[in-house]
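Some features that Swiss-Prot has for this protein:
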- Leu124, Gly128, His129, Leu130, Glu249: (6S)-5,6,7,8-tetrahydrofolate binding site (BINDING)
- His232: site 'Plays an important role in substrate specificity' (SITE)
- Lys233: N6-(pyridoxal phosphate)lysine (MOD_RES)
Amino acid sequence: MTTPRDNLAILAETDPVVYRLIQQELNRQRDHLEMIASENFTSPAVLAAQGSVLTNKYAEGLPGKRYYGGCEFIDEIEQLAIDRAKQLFGAAHANVQPHSGAQANFAVFLALLQPGDTIMGMDLAHGGHLTHGSPVNVSGKWFRVVHYGVDPQTERIDFDQVRDLARQHRPKLIICGYSAYPRIIDFAAFRAIADEVGAYLMADIAHIAGLVATGHHPNPVPICDVVTTTTHKTLRGPRGGLILTRDPELGKKLDKAVFPGSQGGPLEHVIAGKAVAFGEALQPSFAQYSAQVIANAQALAATLQRRGIRLVSGGTDNHLVLLDLRSVSAVLEKNGAADPVMTGKRADRLMEEIHITANKNTIPFDPQPPSVASGLRLGSPALTTRGLGPAEFEEIGEIIADCLFQPGDPGVLEACRRRVAELCRRFPLYPHLG
């Protein structure tokens, strides 16, 4: 059996241009601190499954009900992924075929809604997601969208607003689950509101699935009608999507919405990677990993706060930290900086200069447009996979604060780069790839 390293050697010989670019990306991942909250590093076993001969096989349909022959082993692999997903999340039904979280969400809409129906989701600027009704997404074009947000004082979900909007607009579907919300989600509170107005309730747990699977965040599967997620992020699997439900009859509708409703042939090499990742997540070591993800994020948050950087909602309960950079601007202005305005766009570029990968992000009631933003989103999953602990995340917090508070000092930026390089050296990534 060939290994990922063998495959790269073959690629180097047959297509050196692609090989060189892959090696450059590998080096970038090794030499930078990956802090994008939606990214992680899959295991070598997941990489091996994705790079297997399963990529050759078409398998439209479901296990035991295919439209192509030669699927006997494909069926076993996909059924294994289904069974492991059900066990991991306590679901009665799982569909492992969605190519992405966005595809999973679209399949739910196709199964439950008609064009023109009303949906409710969190405002993108408050931590929602494009697929929850943004006007640039199909969800915002096909459906009537009502957005809820967070309380201006606490920056936590405003359930009074959610209830009032639900009573006023009577949505067919309420969506909970977010892309930039650092707090525990009260699924039971959403269930009560959905039941009152006769709405379906969908949880999108793409960001927190790994934490849910290990009990470090409440599980929406017993509460919500349907749950969607990606399989990477905190779940640490391949890039892909997953749909879960406690209702087998609803599961049949969801299956049809995936195929033939919105997709053709499933990506069975990716599904094999999902099966491997779900198996890894069922191990005790993964629960330890999830606990460390939260501890590391909280260590980072405490350091940033100690340095005078304000965090949205005042901290974090999960894997992500959202910085309100207006607090940095205030310090820069007080210190007489030539350019005192620190935006998400500027902070993103500064992070790149010191080899930290992050992303600008809107914050609740943001005065800046999304292309500029007033926030910086940081996450702990990838570096936790790499082996960093709270002490290292405290060091990273100091590095980030030094960079943000002294953005015009080349000496400070160079010192930050050296500190980042030392952390990368101490915690190597994918050494088996050479």
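Just so you know, glycine gets a Cβ as well, placed from its N, Cα and C.
Everything Swiss-Prot records as a feature, shown here on the structure.
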residue: Leu124; record: (6S)-5,6,7,8-tetrahydrofolate binding site; DSSP (3 states): helix
residue: His129; record: (6S)-5,6,7,8-tetrahydrofolate binding site; DSSP (3 states): coil
residue: His232; record: site 'Plays an important role in substrate specificity'; DSSP (3 states): coil
residue: Glu249; record: (6S)-5,6,7,8-tetrahydrofolate binding site; DSSP (3 states): helix
Message: If you count, for each of the recorded positions His129, His232, Lys233, the other Cβ atoms lying within 10 Å of its Cβ, which residue has the minimum?
response: His129
- prompt: Considering all pairs of residues in Leu124, Gly128, His129, Leu130, Glu249, annotated in the record as contacting (6S)-5,6,7,8-tetrahydrofolate, what is the maximal C-alpha distance expressed in whole angstrom?
  reply: 32
Task: Using the structure shown, find which entry in Leu124, Leu130 (the binding-site residues) has the sparsest Cβ neighbourhood within 10 Å.
output: Leu130
Query: What's the CA-CA gap between Gly128 ((6S)-5,6,7,8-tetrahydrofolate binding site) and Lys233 (N6-(pyridoxal phosphate)lysine) in angstrom, rounded?
result: 16
Per-residue Cβ crowding (10 Å cut-off), top of binding-site residues Gly128, Glu249: Gly128
Message: Distance check, please: Cα of Glu249 ((6S)-5,6,7,8-tetrahydrofolate binding site) against Cα of His232 (site 'Plays an important role in substrate specificity'), rounded to an integer number of angstrom.
response: 27
